[in-house]
Structure formats: structure tokens, C-alpha cells
Amino acid sequence: MLRLSERNMKVLLAAALIAGSVFFLLLPGPSAADEKKKGPKVTVKVYFDLRIGDEDVGRVIFGLFGKTVPKTVDNFVALATGEKGFGYKNSKFHRVIKDFMIQGGDFTRGDGTGGKSIYGERFPDENFKLKHYGPGWVSMANAGKDTNGSQFFITTVKTAWLDGKHVVFGKVLEGMEVVRKVESTKTDSRDKPLKDVIIADCGKIEVEKPFAIAKE
């Protein structure tokens, strides 16, 4: 009886191991649809401390996609740090359109006709891999194909009609409520804020390990 019992135990153990293996094999892995949902990876962050008139309204932190659009990101980071001797600090958001976007980055003239990149006055469109998926995406303003400089805009709604025309390179990670404050500021007939919207301070925040964000 003892030998039979041992044999039965071995059979039961083997059956349990097989069942466990089958269960493991049946567990669903990541589907192709899940993989497609993964967004671009944030490799570095930049912060803006914004002021409207005399009021400090808060900090906006951007996540930038250095693996997807490295040249565009390097330009934005260098202009935020001022490491080339020029950049965004004390420049204005010169154009604000509610339910569309806020635009800044013209640190040479302040009216949307100026600005320059770290590569020269203009540089080519890097790629259009990313789209304007919704509020908070950061994209290069331009005057047509291959005319990127320093001007950029932050979407406040989905702007699909800009896809393939403007290079998307970042997303607001924190401070979207600050962007909304800027979006709600009063403007004149040419979309210029009645009170100056200033980047009072800006700089770079290192990212230890790149992380993906959703395309939304």
C-alpha cells in the first residue's frame, strides 16, 4: 500500500506541474494593440516658471522625447538653459488663442517674427512621427516646411489638422492648470495678451530612466 501511495503521489505531482505549465502558457502576453498604445519616451524634462503681468502663476514641467526627435529636443533644452548665451528666459508668450494653443519662444523680437535655433536661424523638420493627440503637447511653430527656429506652441485641445506640418517633441507633465491660466488671459484682436506672459525662469531637469507616456 505504501508503494502504491508513493506512486499515486508522484502521478499527482506530475499532473499538477503539467497543469501549472499549461496555465502559464495560456496567460495572455502583451498584444500588438497594447504595444501600439505605448507612447514616446521622456528622456529629459524642462521647466518654465511663468508670470502674467506682476503675478507669478506657477511652474510648467515638460517631458521631452529625445529618442524620437533628438535634434529638436536638444534645441529646446539648450534654449531653456541658456547654455549658448541666448534663450527663453524672460521671453514672452506672444500669441494666445483659447481652445487652440499658446505660443512663445520668440526671444529676439517678442512678436512672432523672430527667434533662432542653436543650429542657426532655422533648421529642417526632423520628422513627424508624433501627432497633436490632445491638450498639452508641445510642437514647433514654423513659417512653412523646414523653418524651425525657437518658437513653439502648447496645444490646449487636440489639433489633428497640424499633424505632419509641425514637429511634436514634448508633452506637459505637470502644470497644465498654469497653461490654462495663460490660455484664459485676455488678448487683443491679434491674439496678443493684454498683460505680458513671461517665462520668468526656466531650466533642465535630468531624467534618470526614460519612461513612456500615453498618446492622449
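Each Cβ is built from the backbone N, Cα and C atoms, and glycine gets one as well.
The structure displayed is predicted, hence computed values, not measured ones.
Annotation comment: Swiss-Prot describes 1-33 as signal peptide.
According to Swiss-Prot, the feature domain 'PPIase cyclophilin-type' maps to 47-204, an assignment based on sequence analysis.
Non-local neighbourhood of K84 (N6-succinyllysine): A78, I118, each in the same chain, at least six residues away, with C-beta under 8 Å from its C-beta. Annotation source Swiss-Prot lists N6-succinyllysine at K84 (among others).
For N148, the entry in Swiss-Prot reads N-linked glycosylation site. Using a 10 Å Cβ-Cβ cutoff, N148 (N-linked glycosylation site) registers 25 neighbours. Classification of N148 (N-linked glycosylation site) by DSSP places it within a strand.
A coil conformation is recorded for K165 (N6-acetyllysine) in the three-state DSSP classification, outside any helix or strand. Feature annotation from Swiss-Prot assigns N6-acetyllysine to K165 (among others); the stated evidence is similarity to another entry.
According to its DSSP assignment, C202 (S-nitrosocysteine) is in a strand. For C202, the entry in Swiss-Prot reads S-nitrosocysteine.
Residues annotated as N6-succinyllysine in Swiss-Prot, with similarity to another entry given as evidence: K209 (among others). Cβ environment of K209 (N6-succinyllysine): no same-chain residue six or more positions apart lies under 8 Å away.
According to Swiss-Prot, the N6-acetyllysine annotation covers K209 (among others), on the basis of similarity to another entry.
The motif 'Prevents secretion from ER' annotation in Swiss-Prot covers 213-216. For the motif 'Prevents secretion from ER' (213-216), the mean pLDDT of the prediction comes to 95.
Long-range neighbours of C202 (S-nitrosocysteine) (same chain, six or more residues apart, CB within less than 8 Å of its CB): V46, Y47, F48, D49, A80, T81, G87, Y88, K89. Taking Cβ-Cβ distances under 8 Å and a sequence separation of 6 or more, the neighbours of K165 (N6-acetyllysine) in its chain are F128, N142.
Across the motif 'Prevents secretion from ER' (213-216), DSSP classifies residues as 0 helix, 0 strand, 4 coil.
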